[in-house]
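Features as listed in TrEMBL:
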COMPBIAS  1-17  compositional bias 'Polar residues'
DOMAIN    93-286  domain 'ABC transmembrane type-1'
REGION    1-20  region 'Disordered'
TRANSMEM  30-55  transmembrane segment
TRANSMEM  92-117  transmembrane segment
TRANSMEM  129-150  transmembrane segment
TRANSMEM  162-184  transmembrane segment
TRANSMEM  205-230  transmembrane segment
TRANSMEM  265-286  transmembrane segment
Amino acid sequence: MTNTLARPPRTETSSIASVAPRPHRRRYSVAGIALQMPFWVFTGAIAIIFLYPLVWTAVSSVAPLAGTNQTDGWGLGNYITLANYQDGIGQYILNSVFVSLLTVVLTLVISLLGGYAFARFEFRGKNTLFLATIAILMVPYATLLIPLYVLLNMVGLSNSLVGVALVLTMFQLPFSTFMMRISFESIPRELDEAAMVDGCTSWTVLWRVLVPAVKPGLITVGLFAFLAAWNDFMAPLILINDSARMTLPLAISNLRGQVQGVVDYGATEAGVVVLALPCILLFLILQRHYVRGFMSGAFKG
């Protein structure tokens, strides 16, 4: 006597599964590539337009150039000239770092609290105050520097790096407050209410619940504040009159040769490379958070 296994009946589902088409790789047709070609050509041309000055400056900073210290061939002679200029490039870099970091810290703290208040609290004159804050963006930057210089002179902060940082912070706050408000508004209020039910105060909700959620917005605001402070030329030009307190952009603009005040273009290009390098590296590192911060207010749910 032998044991036989009965074959299970063929069902409609198994029949359909057996004839179902297998997934295949997407094939790019010639027509599709032809349609995308103008887009890639256009974006490539835009990239070349923006990258060419940077590449040309970087190459020129180490290339032999008549009228500079880089005449014996390719090398770092222009950077040596830049390092020995007046108080030294290191001092100007430290000044710029101090101003930039102080501007970033002040901008982040004030815009975080302001954006939280505008997004989560209701009070009289809220919309009017917010519109007045945004309206500062329409005021020309240079027109306020002289009145601000007089004000800083009255409080003893003229010709100081702290005064420069305060001025730069003031001009960063409208955009930063707007960014933080839309970042907070993109977070459901149910998250706040759940934390309140657990016994959290408004302050605890902000720092322990909402701040981690709006981190992309904070990074975007901080990146904008750093780039604006690091590259700013007008405010230090008006507010600083001591060469030892000059920031890096101001020092580069004052870089002159020793013969009849002729501009040393080689050292100037080396200074531009030193000035641009931190901005490029910082943007590449924070690019992912930067894009998420800009998109935080695009969709609410």
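Numbers run from 1 along the shown chain.
Every residue, even glycine, has its Cβ placed from backbone N, Cα and C.
Between the transmembrane segment (129-150) and the stretches 30-55, 162-184, 205-230, Cβ pairs under 8 Å are most numerous for 162-184.
Counting Cβ pairs under 8 Å that are 6 or more residues apart, the transmembrane segment (205-230) and the transmembrane segment (30-55) reach fewer than 3 and are not in contact. Among the recorded stretches 30-55, 162-184, 265-286, the one sharing the largest number of Cβ pairs closer than 8 Å with the transmembrane segment (92-117) is 162-184.
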